[in-house]
Structure formats: structure tokens, C-alpha cells
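Structure, as C-alpha cells:
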Amino acid sequence: MTVFSLVLLTYFMVVSGIVYDVIVEPPGIGSTQDPYTGSVKPVVFLPGRVNGQYIIEGLSSGFMFVVGGIGIILMDLALDKNRAKSVKVSYATAGISSVVIAYVMSSLKSQCGLSNGVIVEFYDLGYSHLILWC
Amino acid sequence: MAVTKTEPINGSTTKSSAPPLPSMPLKSDLLSILSLKSLRLKTKQQELLIRVSILCLVYVLAFITRLFSVLRYESMIHEFDPYFNYRTTLFLTQKGFYEFWNWFDSESWYPLGRIIGGTLYPGLMVTAAMMYWGLRFLRFAVHIREVCVLTAPFFASNTTLVAYFFGKEIWDTGAGLVAAVLIAICPGYISRSVAGSYDNEGVAIFALLLTFYLFVKAVNTGSLAWGLASAFGYFYMVSAWGGYVFIINLIPLYVLALLITGRYSMRLYVAYNCMYVLGMLLAMQIRFVGFQHVQSGEHMAAMGVFFLMQVFYFLDWVKHLLNDKKLFEAFLRITVTCAVGVGSIALGVGTASGYISPWSGRFYSLLDPTYAKDHIPIIASVSEHQPTAWSSFMFDFHILLFLFPAGLYFCFKRLSDATIFIVMYGLTSMYFAGVMVRLILVATPAVCLISAIAVSATIKNLTMLLRTKSKVSQTGSTKGTGGGKTSSKAMLDQSQPFQRNGAIALLFGAFYLLSRYAIHCTWVTSEAYSSPSIVLAARGAHGNRVIFDDYREAYYWLRQNTPPDAKVMSWWDYGYQITAMGNRTVIVDNNTWNNTHIATVGRAMSSYEDEAYEIMRSLDVDYVLVVFGGVTGYSSDDINKFLWMVRIGGGVFPVIKEPDYLVNGEYRVDKGAAPKMLNCLMIWNSDLVTSYPHQNHNDLRTYKSIWMYKLSYYRFGELMTEYGKPPGYDRARGVEIGNKDIKLEHLEEAFTTSNWIVRIYKVKPPNNRW
């Protein structure tokens, strides 16, 4: 049990991109300046590149993955015959909701950061060029 | 077709009393014709048929999903490294194995040359050549290029078969089938095995999974035959890729884990000894590997565990002989201390005397990721060697990232020799994948297998929920004894419909998730991983595809318009392509085996034109090739790579200092750029001196051009690239360049491709008179 929790913790750290954080040292969160009002707004997802992240962005995504995994584990525990019924039901609900939330959050994030992450747009001379590079 | 349901409605069982519909008999006839029952197959045979058909479909799927670029462009080799592999395969098929094995190439790394026979991994080339000769024997007149292009998809299909057998070994056939499907379309694997990506990894992942499968099979059965097979699998892996170091360290680590958890057995002994000894001897047949298995620090773990196994066997034998427990324990303590002591002394002596070489930089930077950044800029500069951000994981794995921890849980629930192995493989490979983007490829089979376990186990649970419902109702009606039992059964019956509906809903959810995975994988393959990168594509205003074929245009110009013994200097990225397609000698290429030579080229690119000209004369260079993306907005050009040239050059020649090229720590090419930057082969304009009085440079030499800048932006100032912007607007950097009036003294422009991506300059001979 302890071994497994250690394993999950390591997995969480690796998937959050901790090695990237240590080497590249990105800021915790990005910021842009609103062009009209001049106020500084935070930016959560690093725009434009595929292999880049801010620290908080990485940690929250890693957490989502682990929550989704734990959800599936809870679902399996809910089917164990030897537990009380109420515990089983609560496990089942928690499990299903975790998976759903984690999946929805991750796909939202992907749409924010990734679906246009590989496409760079240029407008010139009346053409719009979409050049793909990875 | 009355269905009996026990429901507590009105306390009585109800029969569905709907009258039979007139079309029912016809329908049931049709169904029975179509169903498998009509083939009079037993259940086992039905299952076999389903399994075989699924595997066949997966085999075909793995092949065709990698064919996007062949269908879109043409059947050509992608990227940089595959061109070298293609050239060597061509040589192998033309001249034979003996010439290939002893080949010294004087066309690259001028004037040093390269011993190709001794510095490559021949597995890929030999495999492709074998397939070529086999097809020729059957009188199929294929060209070697087609065989090379389609090697990787073919081996990807074979990998899915191995994944099926491996999954069957670890868990059961269901997990094996799911693993085969997942690995067939997983983007992490597709990225390095599309059609056209003729690189070592395409074959190496197949060899890796095969070796692991054979070894796990050997440990499970303890048979010498499987051990022998795993040794040959290891030999194939060593011949295919430098990543075999992962195998030779993971397997000893696995054996050690088994020993520590008390799972020592005769099977393990036989399997490991056979594989290690025979595998080591076979691996020494590859010249590039040589004696590293006994001399290199990276391979010492395997040897240490080998000796440890002998100690364990010895202790086991002594325990069998001795009947006294106390005596044995004393003996155990003495032996273990002795063994550990002797081992560490031997290791110390070996390392101190230099016989055992320390870990090489490439592999040491995996253990200590900060090492490469500080010490080896050439390793740090490759974009594939960057550490991984979460978005790369999501891009390459999608829902497998959720299923991985769940699969680990299932493996921990049912621990056996095989599941311990897959857990260790998964964890170590995920760590390495986090260190380097390129190694996501190595983690992919492990992640697919573990996720397959999770999927298989979860779906099995859910379908069991669906099935127990009907089973319980039957037993409930027959075993009416005992009040407690009936009451509990009644309670179960109450929750049956809820559970059944819940299970159906969850099955639909699982199906939805898997279908999203399939859609994501196909989208990623189509958009991101099927680019040949030697041909660039963009989309016009009306959605039509615009193709930039500048690279091949430039290489063929070189091939047809320069003397055969011309030498071309470029940055090392393009070396393989120039040699393979342009058929000209290059100064440095992608092998990057000589850092000083590359640093010399980097120094030339970052110096003033006079110094650069001296370096070029010393290297006997005739042509210079640069890549420039300012007109098309292509951002992987030489100006964006320039800082790496400075870093690598500065690593060997301290006269090149990086801060000279930056302004306030920022890298700029417009008017506000550093003067050394503007000057270094970049901008040469004495007017610039007067227009920037805040620069304190008195030395006129600092305003001479720096070469890379000059070569890239020569004549660019006259070009109008974007509507509404001034001429000389660099679309890749998004700024107008600082100096537009560039004059070259020692070079002349030889060729610029139609979209200005590749520019070739000819080196003029020195002046006749001073």
C-alpha cells in the first residue's frame, strides 16, 4: 500500500513535467498585458508551443491525471464483495465522478493549449498561411 | 420468448405477455443465419475466430495509419538521420556485406573522414536489405527506397503482435488484444515509425518488446529454449539501436527486485544466466559496441547481478546440504559480506585503473538532467532532448495517462513475476520519458500494456455485473432456504436494475473514451507526425495546399551544378541530406562525433567575414549552405539556431562569447541588435556605426559583418515579404532587419531557392595580388 502511494506520487511528479520545471525554470504562471487598459492579466497555458508549460499548469494537469486514475481504482474497489453497501456506493460515485471531471478538464485544457499549438498563422499579401511545425 | 423477471412489483412474478409479432420468425431466422452458431462452432472455436480476426484487423490498421505522408506527398525518406541510413542501405545492397562492414567514407567530415563500418548499428540496414533481397528473389522488382520507406510500418504491425503475446503472458488474452489495439495507434510510437521515417527506432522498439517478452516467458517457464531466444532477441536489439543500454540495465534491476522480494527460483537463474552470457557474447560481434559489456560503467550492473545470482545459487546449495539452521545463518552472513566486499573492491579497482570507463555523457545526462545543459551544449541543443512538459505527454498518450495508474493498481493487486516486470518497465521508462521528449517512444509499449490491463480488468468487472444479474435471479428462485439468504438476495434484487443500468452506462462511457482516444490518435498522426520535414506545406487562402520543396531543389542544384569534388560547409543538421541527395562532400554532419570540428564551423559562422574566410580556406571549403526562413516564416532556420552555434563554438574556442550577441540578455536581429550580431556575418554597414552613438565600441573591426547574418540577409532588404510592411521584413522573427545593405567580400551568391529557404554561396579564391 505504501509502495503504491509512493509510486503514484512519483507518477504525479513526472507527468507534471517536474524535470522540465527544474531545467528550463519557467515562471509559475504567465502574464500578458491588456493592450487597451494596461492591466496585467495572468495566462495559465503557455501559448504557441507544444513542449512547454508553466509550473502551475503542469501540476494541475498532473493532478487531473492522477485523480482520473484513482477514480478508476475506486470503481474497482466498489465492486469488492466484502464491503458494506454504503461504502461501495460512495466509492462508485466518487470513482465515476473523478473520471468524468478529470477527462473533461483535460480535454478543455487540450483545446486551449494544444489544438492550435502546432499551427502558426501568418497573414500576408491576402493569403493566410498555416505552417505546421512540431 | 417469454422472459421471466423476479421483481417485487405486486409481490408476484410477471411474465411479459406481449403477443408475438408476426415478423418475429423471419427475424430469428435471419439472425440465426448470421450468428456464429450457424457455423456449428464450439465456443472455444468461436473465441479463436474472433481473436484471430481482431489481430488481423489490428495488423492492417497499424500499417495503414502510418501511410499519411506517402499518400499526401510521395514515397520519400523524411527528416535527416534516415538519409544516412538510406545511403548506407543503398551501399549495402550494391556492394555487399563485406564492403559495407569495412567501409571508410571520405565524403563526410572532410578532411577527417568517417569509419562507417565501425560506427553504426547495422540492424536496420541489414533488415531492410534482407527484405529487399527476399522480394527480389520472389521476382518483385522493387526499388530499395520503397523497402526503406515501408520498413517502419511493417515492423510496427509486428510490434502489435508481440504486444498481444506479451499481454497474454502478463494478464490474459483480453488484455493482450487491448494492448495490441492501443499500441497500433498510439501517437508516441507513430511519431518515430511513420512511413518514410527510416530510422533505428522503427526496428528497435520491435526488438525491445520482443526481448522483454522472450525474457519474461523464460522467467515464467524456466526453459532454456526461451532463454536462448531472449539472448538472440537481445542481439537483434543491440544491432539495431544504442538504446539497448536500457535493456541491459532494466533486466538486472528486475532480477534484483525479484531477489529482494524473495522470488528467487531456478527458473530465474536459468533465464538470466542464459540471456546474460549468451547475449553479451553476441553483442560483442557488433563493432560499434565492441568490448563495452565488460569495460563500460553502464554495463556493470548486469555483471554485478550476474555474480550475485551465482552467490544466491551457492547459498541455496549450501542450505540444501546443511541441515543446521543456525550454522547456515552464520554462513549466510559471512558469505554475503564477503561477496559484497569483493564486488565493491573489484569495481573500485576497475574504475580507478581506468579499465572500466565511466558513464558516457549521453546516458549520464539521463540520470542527472542538469548535466547536459552545463557541460555538453551539443546534446542540450537537440530539440528532441529537451525535458518533457505535460502537454507532450497528453499529446502522445491521451487517455492512457488516466489508465496507467489504474493499471498499476491492478498489477499490484495480482503480483507475479511478470507483473513485477511490467511495473518496473513502466515506472523507469516513464521517468526517462519525463527527462527527454524523445524517450516517450520507449515508454509507449509499457504504458500501452499497463493501460490495457486496466481496460481489460475494468470491462471484465462491468460485464460480470451485467451477467451476475440473471445468474443470481435463477439461484434465488431455486434456493429458497434460509430467511437471511432470501432477504439478502431480495436486497440484491432490488439493486439489480440499478446496477445493471449503471454497468451499461459505464460500458458506454468506456466505449466513448476509447473512441475519443482513437479520434485523437488519428488526428495527431495526420496533422503532426506525417510531415516529411524535407518538404514543407502550408495552406493558401482557399484551403489549397502549398508545397515548399526548397530543400530538394537546393540539393539537386548542388548535385548538377557543382564540380564532383566540391566541399560544402553548412550547419551539421543538413549534412546527411547533402551527402545523400546532393552527393557532395560535407564538413560536418549529423553524426556529431567530433565536437571540435563542429565548433570550428560554429566559430566560422559567428565570426567576421575575414576570420571566417580564413577558417574556410583552412578547411578547403568551396560552397556554403544556409537555411533562411524569413520569407516564408519558417522558424527552424539557421538564424534561430544561431545561438547554439555560438554556444558550441564558444565551448571550444573561448574567443566566442555568447553575451556579445545579445542585447540585455535578449536575442534580436532588428535595429536594436547587438553590434557584434549585426556585424558578424550579418550586417556590414559603416552607416550603422554613426546611427548608434550609444554604442561604446571604438574598434572599427567590431562593425564588420558576422557571417551568418550576412549570408542569411544578403539582398533581403530589397524584398517585400508582407503586405503593408516595409521591405526586408523578416517573417520568422516578425521584425524588420537592422541592416539591409549587405556586401559580401569573399563570397558570391551561387543559388537561392524559389522561396529563399536555402541559400548557397560560392567561396571566391583569394585575390591574385595584394
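The backbone N, Cα and C atoms fix where each Cβ goes, glycine too.
As annotated by TrEMBL, region 'Disordered' applies to B:1-23.
Residues or ranges marked as compositional bias 'Polar residues' in TrEMBL: B:7-17.
Sequence-remote contacts of a segment are chain residues at least 6 beyond its ends whose Cβ falls under 8 Å from one of its Cβ atoms, and for the transmembrane segment (B:48-68) they are 36, 41, 152-154, 156-157, 159-161, 164, 173, 177, 180-181, 183-185, 190, 193-195, 521-522, 525-526, 530. Residues annotated as transmembrane segment in TrEMBL: B:48-68 (among others).
Confidence across the domain 'Oligosaccharyl transferase STT3 N-terminal' (B:53-450), taken as the mean pLDDT and rounded to a whole number, stands at 90. The domain 'Oligosaccharyl transferase STT3 N-terminal' annotation in TrEMBL covers B:53-450.
Residues or ranges marked as transmembrane segment in TrEMBL: B:115-135 (among others).
Annotation source TrEMBL lists transmembrane segment at B:147-167 (among others).
The transmembrane segment annotation in TrEMBL covers B:173-191 (among others).
The transmembrane segment annotation in TrEMBL covers B:203-228 (among others).
The transmembrane segment feature in TrEMBL is assigned to B:234-257 (among others). Counting residues 6+ beyond its ends, the transmembrane segment (B:234-257) has Cβ neighbours under 8 Å at 121-124, 126-127, 200-201, 203-204, 207-208, 210-212, 215, 268, 272, 275, 279, 282-283, 285-286, 289, 293, 298-299, 301-302, 304-306, 308-309, 362-363, 420-421, 424-425, 428-429, 432, 442 in the same chain.
Marked as transmembrane segment by TrEMBL: B:269-288 (among others).
According to TrEMBL, the feature transmembrane segment maps to B:300-318 (among others).
Annotation source TrEMBL lists transmembrane segment at B:330-356 (among others).
The transmembrane segment annotation in TrEMBL covers B:393-411 (among others). For the transmembrane segment (B:393-411), the residues of the chain that approach it from at least six positions outside its boundaries are 182, 186-188, 191, 419-420, 422-423, 426, 430, 433, 440, 444, 447-455, 457-458, 513-514, 516-517, 520-521, 524, 528, judged by C-beta separation under 8 angstroms.
Sequence annotations record features per position, and here TrEMBL assigns transmembrane segment to B:418-434 (among others).
The domain 'STT3/PglB/AglB core' annotation in TrEMBL covers B:567-625. With DSSP states grouped into helix (H, G, I), strand (E, B) and coil, the domain 'STT3/PglB/AglB core' (B:567-625) comes out at 33 helix, 9 strand, 17 coil.
Remote same-chain residues near the transmembrane segment (B:147-167) are listed as 55, 58-60, 62-63, 66-67, 70, 75-77, 82, 85-86, 89, 124, 127-128, 131-132, 135, 173, 175-181, 183-184, 189-190, 192-199, 202-203, 205-206, 209-210, 212-213, 216, 445, 448-449, 452-453 (criterion: CB distance under 8 Å, separation of at least six residues from the stretch ends).
Note on the transmembrane segment (B:115-135): residues 85, 88-89, 92-93, 97, 100-105, 142, 144, 147-148, 151, 154, 198-200, 202-204, 207, 236-242, 286-288, 591, 593 of its chain, located 6 or more positions outside it, place their CB under 8 angstroms from a CB of the stretch. In terms of C-beta pairs under 8 Å, the stretch of B:203-228, B:269-288, B:330-356 lying closest in packing to the transmembrane segment (B:300-318) is B:330-356. Using a Cβ-Cβ cut-off under 8 Å and counting only residues 6 or more beyond its ends in the same chain, the transmembrane segment (B:203-228) has close neighbours at 123-124, 127, 151-152, 155-156, 158-159, 162-163, 165-166, 169-170, 189, 192-193, 234, 236-237, 240-241, 243, 246-247, 251, 265-268, 270-275, 278, 417-418, 421, 425, 441-442, 444-445. Sequence-distant neighbours of the transmembrane segment (B:418-434) (same chain, 6+ residues past either end, Cβ-Cβ under 8 Å): 169-171, 212, 216, 219-220, 246, 250, 253-254, 257-258, 261, 263, 366, 387-388, 393, 404, 407-408, 411-412, 440, 442-443, 446-447, 449-450, 453.
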